[in-house]
Amino acid sequence: MSLFKARDWWSTILGEKEEFDQGCLCVADVDNSGSGQDKVVVGSYKGYLRIFNPHPVKPGDEVQPEDLLLEVQLREPILQVEVGKFVSGTEGLHLAVLHCRKLCVYAVSATQGNVEHGNQYQIKLMYEHNLQRTACNMTYGPFGGVKGRDLICIQSMDGMLMLFEQESYAFGRFLPGFLLPGPLAYSSRTDSFITVSSCQQVESYKYQVLAFATDADERQDMEQQKLSSGKRLVVDWILNIGEQALDICVVSFNQGASSVFVLGERNFFCLKDNGQIRFMKKLDYSPSCFVPYCSVQEGTINTLIANHSKILNVYQDVTLKWATQLPCIPVSVKVANFQDLKGVIVTLSDDGHLQCSYLGTDPSLFQAPKVDSREINYEEMDAEMKELQKIIREATKTQDILPESEKERDITVTAEVSPDLDEESQAIDSEVKAGTVPSVTVKITIQSRVTARKPSLAVCVQAPLAVTCDQFVFDDLEPDSSETVVVSVFLKENCSPPELEGTCMVSYNIPTGIPRVSQCSFSLPLKLVCFPVQPSKAANHKLTIDTNKPPISFATIFPDFVDPSEGDQANALGFQFLSGSKATLLASKTSQRYRIQSDQLEDLWLVMKELIYRLEEHFKKQNCKDFACTFSGSIPLQEYFELIDQHFELRLNAEKYQELLSERAVQFRAIERRLLTRFKDKTPAPLQHLDTLLEGTFREVIALADAAEENQANMFQAFAKLKSATHLVIMLISLWQKLSTDQVAILEATFLPLAEDTQELGWEETVDAAVSYLLRTCLSKSSKEQALTLSSQLSMPKDTSRLKKNITLFCDRLAKGGRLSLSTDSATQQAAVMPGGCATIPESDLEERTVVPGSTAMFASHGQTTKQKSKP
């Protein structure tokens, strides 16, 4: 056990979901028992007043019921509790409770019990003051040098000091230059009030000056103030500390001068009575509360300072004497005397953790066992060393920052997609123009092996898809327990999605407090976004996929889209997307080819992906491992560039709308200021058609905002189409060049870097930077090109000509033997494997048509692609 942890003497948790602050804790002999034993008084923002008398049998015991002397719920939140001589005619201690609009003084008394339940405690209201202003905090003391009684001063939220002479209200004064209330303390030695203003300076006001100043309730104009008999409120002294203060405490443990302690946000100050700095300490942490107490050494003062790292530091003047670990972050700390145990540290956290602790250590009873002497077997040690070195080498092969996931996870999340669409659609607020928008049910199951605290589930699908509910919060999961939720996925926007996939992510904390995340992905059916129609013969865009196996009947691989009446003769399928476009899939009867055709390039993607996936699954079930798909046609770069231009044009329009909106808003505010000046003028002047101009400008602002909103919706749809076309181009390149899984991942990271498109970081500049990086590293044509540096700052380009040229050059170098790799020596390896494969290509070559040897892919000038029309 650590030496530097606070030793728990007594602790308890107050209430449920209650809040506490700096003034909610007080320790004193509130019941006037005369034993010198302090009681702990705690008030909460929920209005609960509790009085404790801790007396554990041995340190660390559980709280006994008799420890709680009194628990009362008052009607209003308790801002501060103090104990003093607040009732006239007696010098007994009474309890003052400060509410937002009320000050109440209670007498706490005990009634001797005749049974085993012990004494009974109760409070009696002595008097109360209804406040005209909202209170912030209070202080008390023998104001004006009175003997045998304490007066109370309350600071309001608007800077008024309200002074009460016990049962009667004395006077109120406003602090000069007030903005926000700060901590307040009273110095009995100088008979002054000390606070920290919003100007970040400590200010002292004499009680006599406050008493003879002009009454706050009778403030008038400056001329009338000069004629009144009251004096102007003048500050006694000021000290600029340059930061806000958390608390102020005035102490005097001997007959000498008192000290004013100020706890700032980063510094700790000790001041003399006249405001001069006695010493200061710069803190390297963020403090939360403090309390000074008497030191055993003459001429020094000890101070307890708690911080937000749960550390309680003990200082003797500016010297750190001890540091101890607390179980929570305290908002208030006191020093009390209990059961002949003096100097007990009482701390209170903002969530109600009340603890009495002491500084000390427990002796360690652990003794190290004797080491058995044995002979060393060097052969076994050598074999063990080799085995460990082998494990280390295997572990260092991977460059992953995060460790590999455990084989058996603490929480397993699975998602099961229903094979059929919902009989009754669960679509909510869908903008799709189709008659009925289908939905599909996803059943998500969370299984836990250990105790999981505060688990939360997030279900994510990419727009334009949406789920009926995407956030779930569960109670703590016990070991070997499970939770199941059901959601429905549907198409919300009126465009085809680029991906039919979703992710389930569960975040939780294990019992040790370490956060963990578990996730899984699921695939959605194609029929969620389209339905079968009659195939179309004519189309603007056609792509042909070659395979090495005979064509399979669509009734076998697409049973959910083929009419059962057609049998095994179906070799043509039509797909009608919910957004309105169509796509057709054809299978050749004589060759091993499939054709996908549509009027829109982006609509080919989902059908092609589904076709290849279902073909691979079909041959996998037949244990056919040599099935492969290839693409020997031309990459449709020209059509792809048209989608890029459409998206970029909408981005330019968004920028123009933003500039116009800014100009019209400036004009609108200028007209408003002029109209306001005219209306405030005591001599009315003609408006000179300013009202007409204001109305016209307002209509322009509304029209521009509507146009910008419509442009934003169009840009969202254009980005979805661009992502679908990008997926299509990536798949065609991978089939064309027979890329590996790692190379396809590099392609996807290059062309699909963003999940969302924004004006600050758009798709065009991000992809241009990624493609340029690959052209200068693994696809570089010379070492001179590798030495070129890329710009470290991304900005929106003026046009897309450079991006289109780089994409064309990227495909050309892949066709000439270039290979994708992220290793630093990829260029050197590539030159060694393929000498002359990536020779210098002048930029002028891009202006002429280039035919790649050994391939039928053709690139025309400025990325113009010649469409290969091959019949299946």
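Glycine is treated like the rest: Cβ placed from N, Cα and C.
Unlike curated entries, TrEMBL annotations are predicted automatically.
Lifted from TrEMBL, the feature list:
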COILED    371-398  coiled coil
DOMAIN    1-363  domain 'PTHB1 N-terminal'
DOMAIN    436-522  domain 'PTHB1 GAE'
DOMAIN    525-632  domain 'PTHB1 platform'
DOMAIN    634-737  domain 'PTHB1 hairpin'
DOMAIN    739-814  domain 'PTHB1 C-terminal helix bundle'
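Confidence annotation: the domain 'PTHB1 GAE' (436-522) carries a mean pLDDT of 89 in the model. The DSSP breakdown of the domain 'PTHB1 GAE' (436-522), given as helix, strand and coil counts, is 0 helix, 55 strand, 32 coil. Across the domain 'PTHB1 hairpin' (634-737), the DSSP tally of helix, strand and coil residues reads 92 helix, 0 strand, 12 coil.
Break the domain 'PTHB1 C-terminal helix bundle' (739-814) down by DSSP state and the numbers are 43 helix, 0 strand, 33 coil. Note: the domain 'PTHB1 platform' (525-632) comprises 34 helix, 31 strand, 43 coil (DSSP; helix = H, G, I, strand = E, B).
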